[in-house]
Amino acid sequence: MASSSLSSLSSILSNPHGCSLCFKASTQRCFALRFLSSKATHASSSSSSALLPRCRSSTHRLTQKPINRKKGFSLNLSRSFSISQIASSGKFDGPSLHQFVSNAQAHASLTTPETESESTLDSDIASKGRIYHETYGCQMNINDMEIVLAIMKNSGYKEVVTDPESAEVIFVNTCAIRENAEQRVWQRLNYFWFLKREWKVNAATGRAKSLKPPKVVVLGCMAERLKDKILDSDKMVDVVCGPDAYRDLPRLLEEVDYGQKGINTLLSLEETYADISPVRISENSITAFVSVMRGCNNMCAFCIVPFTRGRERSRPVESIIREVGELWESGVKEVTLLGQNVNSYNDDSADRESGANWEYSEGFSSRCKVKNMGLRFADLLDRLSVEFPEMRFRFTSPHPKDYPDELLYLMRDRHNICNLIHLPAQSGNSRILEQMRRGYTREAYLDLVKKIRSIIPDVAITSDFITGFCGETEEEHQETLSLVRAVGYDMAYMFAYSMREKTHAHRNYTDDVPEEVKQRRLTELIDAFRETTGPCYDSQVGSTQLVLVEGPNKRAPETELIGKTDKGHRVSFVTKPLFDKACLLDGDDLKRNPGIGDFVEVQIEKSTRASLFGEALAISKMSLFHDVGVVDAVVASCAS
């Protein structure tokens, strides 16, 4: 029986037109191969098992590339497909699918224990489908995509590809903060719709790169905001999933297999994905994002985030410590803590000393009262900076109201918390700030800047600004320009106002500033920023900065490296052999070239007012750099 089955199988494999008993040649996979392989596997010796995977149950697996009339077809053990996938792809010329399944199941029941104990299928073979993904918008979306990849990996989708034509699932993680961001997404969805149509043509000629037409999945803020419009858009999208429903993605994708649209955009009061270890998009990166809280309670008039991301909720401290520990073990040297309003972090699952009060920045207020006070953002930073003394920490995006003195003094005293504060102003006029529902005045904002610089003298301050908000006059716009000049920001994100549906502004205000006026004011704002940011960079010339090396400088990849200081300034330098201060303390005075992930002390020699250039002095560590007097004598003696 074994020789007969193998003979039949060999005949099929040698036939360039496939199996005459099964699906139409050149367009489909051959189901007969699966049935015959189960019989051959059961009865043959180990020589036959080298060709085909073992049958494990009624869902026998065998993978192969699409049939090509000119080249025949070949077995490909890197992919897999199920009986239901094959059955839905074509018509029979011979025995029915029911007959094949019945015979295969009957034979599988006779499988010996020895066969059942064979090694499991390769992880790639067991993959349910290949994933292609694109992400638009903020860092939170990047981190969310890593959470999605982890969920999909645990559900059997183990392979990520860089070509959308090779994918069975296409994820588009979207941003709804501005109209331009949404327009880019619609353009991409049109392209993916074209790929779905093209797949049918390619499959008919054996040229399809994926096993099935791709399922297009919209994630993120647009999913919640425009779910009905997206699903009605001429079958462009198969699944719409909001930021709090990513655990439901495997089920939603299965619904598509049954001809249904998959949709879940419910917002949650509890979901933080605290138990999920994200699959890093850049596996070898020495920097990473870690989400510590989700949602926002501030309800600013212009902002769609509370409506697409929901209310604030924070991860437990211990889950964050665990994730950062995993990153440290994998070689990550810098972590950016993320949240829509990151410094309003409140782990109310933890105990807090009685009598503690929720403090805001002086002169700032909030529209949302805190019901249960737990561990705050300063408590989280305190734990992280102590437990990981050689890891650098940043955080974004905060609200100016949540900078109590406790947080500022902690940033001053901990060497591994970056001297960088993001302080979104949005406007420099008090009336517009009130219209925006920001909870502070121009004067309160400037007082906070003054306090920050008195506590952390060498701090870098960055900001966000909106031009052309509803009812903004020329005089009010000029006050924004004067605020930029007064503060002197190291960096700023600046945009023309874009009205968003559902927001307070959409319900109550008129978008009455003409688009050309918005753009002109934006240009003036950018010019004012450039006038003041140059001195921030120029002031670094002559100083020694600790630079975390991120890779070769693209302008001179063979000779220069580039990295960032704790203030976020880009610094490039010529690579050369350097002493490693940590090794010097152990008596090793050999020099080596710095590499990605090294902290390098660099003396700044030149400023381009957008980046810095300097001379590398030594490879170091954060703890050594901030106590350099201890090892300077050792370095000098070795150099002599």
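A Cβ is built for glycine as well, from the same backbone N, Cα and C atoms used for every other residue.
Mean pLDDT for the domain 'MTTase N-terminal' (129-258) in the predicted structure: 92. Swiss-Prot lists 129-258 with the feature domain 'MTTase N-terminal'.
DSSP gives C175 ([4Fe-4S] cluster 1 binding site) a coil state; it is part of no helix or strand. Under the heading [4Fe-4S] cluster 1 binding site, Swiss-Prot lists C138, C175, C221, citing sequence analysis as support.
Under the heading domain 'Radical SAM core', Swiss-Prot lists 282-535.
According to Swiss-Prot, the [4Fe-4S] cluster 2 binding site annotation covers C296, C300, C303, on the basis of sequence analysis. In three-state terms derived from DSSP, C303 ([4Fe-4S] cluster 2 binding site) belongs to neither a helical nor a strand segment and is classed as coil. Cβ neighbours of C303 ([4Fe-4S] cluster 2 binding site) (same chain, under 8 Å, six or more residues apart in sequence): I177, C296, R500, T503.
Annotated domain 'TRAM' per Swiss-Prot: 538-618, in sequence order.
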TODO: Just give the helix, strand and coil counts over the domain 'TRAM' (538-618), going by DSSP.
DONE: 6 helix, 40 strand, 35 coil
Task: Three-state secondary structure, C138 ([4Fe-4S] cluster 1 binding site) (per DSSP) - done: coil
Task: Euclidean distance between Cα atoms of C300 ([4Fe-4S] cluster 2 binding site) and C138 ([4Fe-4S] cluster 1 binding site), Å - done: 18
- [ ] Write down the Cα-Cα distance for C300 ([4Fe-4S] cluster 2 binding site) and C175 ([4Fe-4S] cluster 1 binding site), rounded and given in Å.
- [x] 17
TODO: Using DSSP with the three-state reduction, classify C221 ([4Fe-4S] cluster 1 binding site) as helix, strand or coil.
DONE: helix
Open item on the list: Return only the integer: C-alpha distance in Å from C300 ([4Fe-4S] cluster 2 binding site) to C221 ([4Fe-4S] cluster 1 binding site).
Closed with: 17
- [ ] May I have the list of same-chain residues other than C138, C175, C221 whose Cβ is within 8 Å of the Cβ centroid of the recorded [4Fe-4S] cluster 1 site, in sequence order?
- [x] Y136, G137, M140, N141, T174, A176, I177, A181, G220, T308
